[in-house]
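Taken verbatim from TrEMBL:
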- 1-422: domain 'Major facilitator superfamily (MFS) profile' (DOMAIN)
- 31-50: transmembrane segment (TRANSMEM)
- 62-82: transmembrane segment (TRANSMEM)
- 94-120: transmembrane segment (TRANSMEM)
- 126-146: transmembrane segment (TRANSMEM)
- 189-208: transmembrane segment (TRANSMEM)
- 228-250: transmembrane segment (TRANSMEM)
- 262-281: transmembrane segment (TRANSMEM)
- 335-356: transmembrane segment (TRANSMEM)
- 368-392: transmembrane segment (TRANSMEM)
- 398-416: transmembrane segment (TRANSMEM)
Amino acid sequence: MGLIVAANPLGQMIFSPLFGWWSNKLGTIRLPLLSSLALFTIASAMYSSLELKPHDVKYWMLTSRFLIGVSSANIAVCRAYLSAATRLSERTKAVSMVSLAQVLGFIVGPGLQALVTLLGSEGHTWLWGFFIFNMYTACGWINVLMSTGNFIMFLPTIFQERKVAAREIMIMKGKSSEEETWKSIKPDYISAWTLIVAFFVLVFNFVLLETLGTSLTMDQFAWSNDEAIYYMGIIMSTGAVIALVTFMCINPLCRIFPENLVLIWGGFALMVLGRILYIPWGDAPPKIAEVYNVTIPITGNATTDLKPDNEIFLGCPKTQQWCSLTPALTLTQFILGYVLTSVGYPIGVTLIQTIFSKILGPRPQGVWMGLMTGSGCLSRVMGPVFVGSIYTRLGTNWTFGFTSVMMFFSMIWLLLSRKRLISPRLDIPDPVELQTFEKNVGINSQFTLPDSDMKDLKDDKIASENDLNSEGTELLSSQKPLNILTAATKA
């Protein structure tokens, strides 16, 4: 089970830089995206076909999950294209909208799974038993349908690539080509790697809370499995709504304050407070639970059959020795910490990507976005490992104490590097304001034209007023405008 859970982020982590490099090499995102969507369609169909019970079915599941992770590496390509297809002034809003789309996926996905549970484990069987549609396979087949639609949307007749970022900087710097433009701007690699590490820390803390949430509430509040799923569903849905509102507020907020300060004080500072709030401050240990073993002695040698949701099995398992030595987490702490995370994480994950793309400049960003995506995937791989090795053995104090220190030092490093977390200086010369020619230029204007050039201007005015051609009067020749401009420049 651990391997199957880790297979998805592992595949995405390995192939994100490769997909980014491939898109850079081709100079287009179409082929990498179409290939990844085709792979996602095949892998989803493979997953939903596990009901056919092929030989070594668990290895088929492992393979399908790994391939779905590989296909998900296309997010690096999408992020790189987003940086290339937006102007600097549009970047923050565009990145926040894409992050918002991902959050919507997290909201719709579990709801969709809950809806298809109505099909039951039997469901429906078609095509002589080769197509099984039940509560376990339905989401996989829905993925096949949606990825097919996504594939069609990226065909040349529908999706047209528009890369404007390099062209914008090229015009601003007065360069002759886009390649010359991005080669003339050297990115700050220290800032780039700082943001990659910060992205890892941020995603690690968020994934840890998602991974640990249900079991943490069962241990600390003595909730049954059904209660934990129900209440965590309410908490997570509320957190998702808060995150949606936060995403919508990021762009207006960055118009008032600098992006690097919003990232530090609005993103990381709130995440630090959220982690500190999870360090228990209760006045007593949590309720200690017996370990479920089918039958439990009640009095003497008498035993009775008990269900796993019996009250004596609810709480912090006595096999975790820290349960009886560590104060309990309060429900108020948990909710406040989750609210702060729901605000801090969207700000952090959006502005890290925004600032990262601006620091890299107008150059192709496929490989760099792949490295950032890979760092997020690494945190998803390490999250379950951390839960097993730290939380289960050492408890809440060590778990959230360690993550609080991790977030705090990351915030301090960003604070010290804040002056580097900005777009590279373009060194654009100040524009020269154009002057208006006056008829009486010798009286009140800033410069005086020679008599010969004044005659040219009068001839041009007469010709325009009388609609004359070059045969009716002598108009300004191709040489004379240059003379006038030269005279004006000298003046």
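From the backbone N, Cα and C atoms, a Cβ is placed for every residue, glycine too.
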Within the same chain, where does the transmembrane segment (94-120) have neighbours whose Cβ lies under 8 angstroms from its own Cβ atoms, ignoring anything closer than 6 residues to its ends? I mean 6 or more beyond. 78-79, 82, 86, 133-135, 138-139, 142, 233, 237, 240, 243-244, 247-248, 250-251, 346, 349-350, 353-354, 357
Contact between the transmembrane segment (335-356) and the transmembrane segment (189-208) is defined here as three or more C-beta pairs under 8 Å separated by at least 6 residues; is that satisfied? yes
With a cut-off of 8 Å between Cβ atoms, can you find at least three pairs linking the transmembrane segment (398-416) to the transmembrane segment (126-146)? Only pairs 6 or more residues apart in sequence count. no
Determine which residues of the chain contact the transmembrane segment (228-250) at the Cβ level, with the cut-off under 8 Å and only residues 6 or more beyond its ends counted. 92, 96-97, 99-100, 103-104, 106-107, 110, 213-215, 217-218, 262, 335, 338-339, 341-343, 345-347, 350-351
When you look at the transmembrane segment (126-146) alongside the transmembrane segment (31-50), do they share 3+ Cβ pairs under 8 Å, ignoring any pair fewer than 6 residues apart in sequence? yes
